[in-house]
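Database features, via TrEMBL:
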type	residues	note
REGION	1-38	region 'Disordered'
DOMAIN	270-361	domain '1,3-beta-glucan synthase component FKS1-like'
TRANSMEM	410-426	transmembrane segment
TRANSMEM	480-498	transmembrane segment
TRANSMEM	589-610	transmembrane segment
TRANSMEM	630-652	transmembrane segment
TRANSMEM	658-677	transmembrane segment
TRANSMEM	1545-1564	transmembrane segment
TRANSMEM	1570-1592	transmembrane segment
TRANSMEM	1647-1664	transmembrane segment
TRANSMEM	1676-1696	transmembrane segment
TRANSMEM	1717-1737	transmembrane segment
TRANSMEM	1743-1761	transmembrane segment
TRANSMEM	1781-1801	transmembrane segment
Amino acid sequence: MASTSGTKDDVGPPRSLSRRMTRAPTMVDPNDENGAVDSELVPSSLASIAPILRVANEVEKENPRVAYLCRFHAFEKAHRMDPHSSGRGVRQFKTYLLHRLEREEEETKPILAKNDPREIQKYYQIFYEKNIREGQYTKKPEEMAKIYQIASVLYDVLRTVVPSSKVDDETQRYAKDVEEKKEQYEHYNILPLFAVGVKPAIMELPEIKAALRAIRNLDNLPMFQMSEEKGRPVNDILEWLALRFGFQKGNVANQREHLILLLGNMDVRNKNLQDYEQMANDMYGTLFGNVQHVIGGSYQTAAQDDESFLREVVTPIYEVLLKESRRNQKGKASHSAWRNYDDINEYFWTDKCFKLGWPMDKKADFFVHSDVIKPSNRGNKQAVGKRKPKTNFAEVRTFWHLYRSFDRMWIFYILALQAMIIIAWHQRVSANVFFDDDVVRSVLSIFITAAILNFLRAVLDIVLSFYAWRSLKFTQIVRYLLKFIVAAFWLVVMPVAYSRSYENPSGILRFFSNMGADWQTHSLYNYCIAIYLIPNVLASLIFLFPFVRRSMERSNWRIVTILMWWAQPHLYVGRGMHEDMFSLLKYTLFWITLLISKLAFSYFVEILPLIEPTRTIMSITVSNYDWHEFFPNVTHNMGVVIAIWAPVVLVYFMDTQIWYAIFSTVIGGIYGAFSHLGEIRTLGMLRARFESVPTAFSKRLVPYSKEDIKRHEQDDTLHRINIAKFSQMWNEFILSLRNEDLISHSEKNLLLVPYSSSDVSVVQWPPFLLASKIPIALDMAKDFEKEDADLFRKIKNDDFMHHAIIECYETLRDVLLGILLDDVDKKVIWQICYEVESSIQQQRFLKEFKMRGLAPLSQKLENFLKLLMTDYKDPQLYRSQIINILQDIVEIIIKDVMNNGHEVLEKVDTFHQEDKKEQKFERVDIDLAKNRSWMEKIVRLYLLLTVKESAINVPMNLEARRRITFFANSLFMIMPSAPKVRNMLSFSVLTPYYKENVLYSKDELNTPNEDGITTLFYLQKIYPDEWNNYEERINDPKLGYATKDRSELDRQWVSYRGQTLARTVRGMMYYREALELQCFLDFADDNAIFGGYRAIDINHRDYRVLKERAQALADLKFTYVVSCQVYGAQKKSSKEEDRNCYVDILNLMLTYPSLRVAYIDEREHTVNGKTEKVYYSVLVKGGEKLDEEIYRIKLPGPPTEIGEGKPENQNHAIVFTRGEALQTIDMNQDNYFEEAFKMRNVLEEFLKTHHGQRRPTILGLREHIFTGSVSSLAWFMSNQETSFVTIGQRVLANPLRVRFHYGHPDIFDRLFHITRGGISKASKTINLSEDIFSGYNSTLRRGYVTHHEYIQVGKGRDVGMNQISQFEAKVANGNGEQTLSRDVHRLGRRFDFYRMMSFYFTTVGFYFSSMVTVLIVYIFLYGRLYMVLSGLERRILDDPAIRESKSLEGALATQSLFQLGLLLVLPMVMEIGLERGFRSAIGDLIVMQLQLASVFFTFQLGTKAHYYGRTILHGGSKYRATGRGFVVFHAKFAENYRMYSRSHFVKGLELFILLLVYEVYGHSYRSSSLYFFITFSMWFLVASWLFAPFIFNPSGFDWQKTVDDWTDWKRWMGNRGGIGISPDKSWESWWNEEQEHLRFTDVRGRFLEIIIAFRFFIYQYGIVYHLKISHGSKDILVYGLSWFVMATVLLVLKMVSMGRRKFGTDFQLMFRILKALLFLGFVSVMTVLFVVCGLVISDIFAAILAFMPTGWAIILICQACRPCLKGIGIWDSVMELGRAYEAVMGLFIFMPVVVLSWFPFVSEFQTRLLFNQAFSRGLQISMILAGKKDS
């Protein structure tokens, strides 16, 4: 609960007041009322005495003397709070109050007694008797709250006036009563700790009582010295700690409840709470036992104020972080320029933090920040000046981090490549190459390479740690230097020793040989290798025996300590991460097999076939080039060799990613099969195995104690109990499907199971399993002419048919007997039943009964049951109808079915002569169907008789089918046994929310888009069955929707199909519903279980207690907190959008009382005359109509100023969560009732030990992507994500052991993580992908991450092209930042080799491989461009020995697999095959390819490569809000151009020009099929990058849309930019924004940009020598003349631009003359060139290909040098040149779209392509996009 115990000397404000004030309208600040009394007198620093003065004013009329005593008490309290009167206005106020007290001391006299003690006691007693004893039954709660507040204050005053020994017993009794009852009027969270009267059930739980006793045991804790008295008693440990350290009251109240719940939950499982009884003593020893030794301080007994800890400890550290974060410049600055969370955190890992002292010394170096904010920077508060060093690690933007972090992998690959090249090179010379001495000696040269690479690693360790150098310990510095020295030593020794192994060395070997001339032995090199390998041998031994490594890490032996110091940095994290032997063997075998496959493929396909062509190329001499060759004397044609080998080498380094995809797919499929995935995937499979489902349910999800099993075995009711418990859960599951409108009323009835099968002798299965069984049995029996035994054998062969017949017979008997009131009539029915049963036993059934009579009997029964189910208005008419049908039924049975039916009547008449009457069956109970249980029987019997084959397909909804089959399948998977709810682990769910949709507004539902289509109409067409079910539900008068607002119901229906907070909250609250049902099943007696969960009578005392207990245990075990960061601002905002969000969130709290909302509240306080913003972390819940504040905790400042928004949003709210586990849920997720039922099983995974003593710290759960049906893109994304969260993470967890946390909905060991850094690392920019860092953090701290697929949570994904691209960009940005992070570095260094390989290729390596895949295309084409334009291709590659070799193409073909997205398809196919069958998988694969999935994946490859590379080079990562709506709108061309220009269009055009030049000038073997495949894949990549955004854009080829897009594009290109002009309004603003990364990059980044831009000059250099006008000249002057032409063109363009600017307005004629002269000059020059110089038409097109890239290179270089160009004033010219290029590029891309838009069928085809999935669900999308609504 949010309160303390109300101790004697509580100096805080009476909380009943502050609590009451929060019930004021939420737009009113409750603090205003706090100071309503004497508001002009009470200073804000003394606001807590305002309630006392308010009471004084209240009682002054009745008793001035008591009012005086109250003011005197207020004065004393004010003096205690500020004894030196240092606060603003405090001295004046105290002076005023003192004068008033002096006056009142004389003026007032006791009225009721002779002295003050008796006076106040007497008044207190009268006040109690008058207002509380009598008023509690008559006054409103609000009035009573005020009265209790006054009584509390009066008693506080009384205690200061009256000595404790003089207080009357009656007064004490009254005070005790007030103290107990006042808490009833305060708001609490979960535990009403101080409730009076009838206590809530949760407070009666023994575990809660035991926890309360434990925290209230204060033995051996010293008391504090207070100013007014010697000691102060406290009620519990939390209050003691608050006084000692100065914790805030809200914080203490929050942690008190947290601790009580935690201890209570632990106690009920462990039964050892007595261990906590000594908690106070242990805590005292822990906190203060070593203070003197560690920090030199001493234990102090002075109590601290409420905000002491915040002020003295938290705020100074926050201010340090704030100053550092300002250096970040909103993500633009280099990480090495400022210290982030990790740097500050790691400062406290060292003993330096003890120098801060206790209390902390504000003058310590840690707090002295050297930054100064210059006056010019005060606006943005950008810090400058000397900075503090980074701590232990510096995140420098460079790709070298990949080598430094994963050096062992790169060394292995490089050495393997070198060895394979050497072996392949010698293979032609020596057949037995492996035993040739020269080959072996050459191969051993890899150790020289190893020495070089190790030296590089040592250099990088020093260079990249430069910014952290000053923070390193001396031992760390020594370690780095020693490693550098040792690496340098081997760098020298290895070449020297190797050179000595040759007898007659030459060249450079002779140099090294002479260095080692004193050594006369040829085995020196071998000795060096042996010594060099000693550390590797030791590392291998330690790797093979993990327990040895663990022992060494814990050892204190000096030699072991030194070894460990050398092997790894002495850090707090990264130790003890070794896996057990079995896990190690599994992932080692995986990688050894993979590497053998990869290296064999690389050797035989990539390397060996290139050796012979390389030899040939190196032997050819080329003396004639097609251009001016600067290095004609280079031997062996090294340029050609490099051009050929470079892409192959890159493929060699990249193709492990391909092999990983193949191996992980196979292994994941095998693991999935062994996990029983997909065993029930269709309704047919479900029906076949449904009989075993209840047993599996009982085994997996129902806890049974041994006593329960024994008790039920004795009376043979265990099976019936199992069926009954299954039916409770199954029916709730089906009802949840109905409430979600996934099934209709009729389907619901077919799926429900009767709660109890005690009325019939067989199991009552759901009717959908028994569909058509009765009609089939009737048809079968109608013409059956054999023996009884044959008939019953055929019936019993079908269990469901057998059960259906028996159930129908027995239920019909019961219904007939129930409806008849006359005993004689009942006797007739009994006699008929007797005849039936006896004939069956005697096997004469077919002889005594006519089967042909069953058909009319069945028809009559249908009519009879239908009549019973209808409502009646006229009872007499209704009764007569029932009697008539009933008589017809009996007549048919006796005359048409039974051979001797008349004998039945005769027998009955014989025994009841006296009751004989004219007419039988006239007395009936027409109200039978009003009884719920009877109505269920009647409905079920009707369904069994009437439902035909159609029920086989129930449910029709695909989502309902998926959920039912998955749930049934999961019951047969391996999962822990379910504990009872009371014994399960407690858990919380935390959802971060910012400003996303809570519910879609009415405007969003009903406002049509540009095509006239509303969101509501769109969803009605996508989900037609669900819409029909929804209308059926709300139109059902029995459900009470008639009184509700239809528009609100529509909003909910639409929102539950989108990615909204309301959908998430509804899903998560299923946990509570499931827990309450589980409590019922755990504690209810057999009668209640057989009666049904929904049928129990709450008015019955036992059942009411059961219900209250279930709610109490649900509160104990489950908490849901939504962290709505800006809820407070939305509440106060005047914007309609914000107000709607606030109202919707408030409604969620009112709908779900156990929902809690945390938010950051910003308030303005006046401190020392200055207004300051104060920030609070606040927790609220829903009250009667408004929210009610529970806790308020002051913060040192705004959290989002020092960290990323989403993680900080989670971090501030995590303190309000409860329990031992924490599930993190995004606000675009969903949950399902049936999955929530398995939560307690999942939580048991935390208690399972894995291979020793390790327990999981993160439980990974699978997700179901529920947005796949919106469009084909959404379907692609859904399949991609589904394969990652299933088969991908399955393999990561087992066998690879590198699963981390990839976003929600994983479950964290809450206690493990909140004590080890939390679940959200929040450093700005570097922790952009905050999710995965919590996984890194857990693993580095010896955590254990698992993955479980027997439970699933819903997840929404982006559904539009631009949304998906922004998501991919965000993830690529995040991976770029991860590459630079210390977490990745430490994991890469500390994992063993094979686990490190797994880690690399499943995280940053995947994105690096994506970038390398694109890079391979560039290098291949630029290499070919070099060979084509230089003439080397024609002179060398036309050689027959080269021409017939397909080795290069074979090597490059592998990367095409990656490029086309086939690696992503492999796991998709495997997972779909596992879960839905391989026929479905192949079908889906074919459909995906027809819908151009490869275009989509190829396009996204470009997104990954671009943003990953840019992030590492220049930074600029940022959170990208992707939007989570339904994409039914057309994105304009300008919008697509802005988004994809740099990432795709520019690169695509560059590759287009490369391919074009290669096709025009190349002469290589074009007949090769592999060559065709490679070039085709490259053309495909170009087409995908240029046109995918338009292919996947709704109405992308609609003619009218295209015209509108062109108009918009021209407007955007022509608009001028400027301050305040957004990028979507002006090309100039956008162009400046696109270069933002260059504005903040360092010199290295600018230099790299310039170097990379130089590649565009090769076009001009090569092509000008191929022009006909050059006449074959190879002189360098040709190239010089080309630059003259280029300069002339640019000069002319500049003249035209200047002329337009200077003369275009005022001197129009002069401008026209200038243009005419330029035109004439151009014509003259061209004429001369054509006639005199031999220029031809083809030269003009070639010149365009040559000069266009040059101009682009100039623009790129100018952008990198922007500051210089602005200084000399030519930046505007560069910008105009850039505008011209952008216009040309846009036109080039836009023209094919225009051409295709001319043909209407293209638009229709694209619409079907894009929305095919919606088509299959009944969506007429063509009609939608045309705006033709159905009337």
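Using the three backbone atoms N, Cα and C, a Cβ is placed for every residue, glycine included.
Bear in mind that TrEMBL entries carry predicted annotations, made automatically and left uncurated.
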Where, among 480-498, 658-677, 1570-1592, 1676-1696, do we find the most CB pairs under 8 A to the transmembrane segment (589-610)?
658-677
Is the transmembrane segment (1676-1696) packed against any residues at least 6 beyond its ends, judged by a Cβ distance under 8 Å, and which are they?
628, 1660-1661, 1664-1665, 1670, 1714-1715, 1718, 1722, 1743, 1746-1747, 1750-1751, 1773, 1777, 1780
Cβ pairs under 8 Å only, please: of the recorded stretches 1545-1564, 1647-1664, 1743-1761, 1781-1801, which one is richest in them relative to the transmembrane segment (1570-1592)?
1545-1564
Excluding the flanking five residues on each side, which residues at least 6 beyond the ends of the transmembrane segment (1743-1761) place their CB within less than 8 Å of a CB in that stretch?
1550, 1553, 1556-1557, 1560, 1635, 1638, 1646, 1649-1650, 1652-1657, 1659-1660, 1662-1664, 1667, 1682, 1685-1686, 1689-1690, 1771, 1774, 1777-1778, 1781
Range from 480-498, 630-652, 1545-1564, 1647-1664 with the greatest count of C-beta pairs under 8 A to the transmembrane segment (1781-1801):
1545-1564
Taking residues 6+ outside the transmembrane segment (630-652), which of them lie with a CB under 8 Å of any CB in it?
413, 417, 602, 606-607, 610, 613-614, 617-620, 622-623, 1412, 1415-1416, 1419-1420, 1423-1424, 1426-1427, 1430, 1432, 1436-1437, 1448, 1451-1452, 1454-1455
Across the whole of the domain '1,3-beta-glucan synthase component FKS1-like' (270-361), what does the mean pLDDT come to? Round it, please.
78
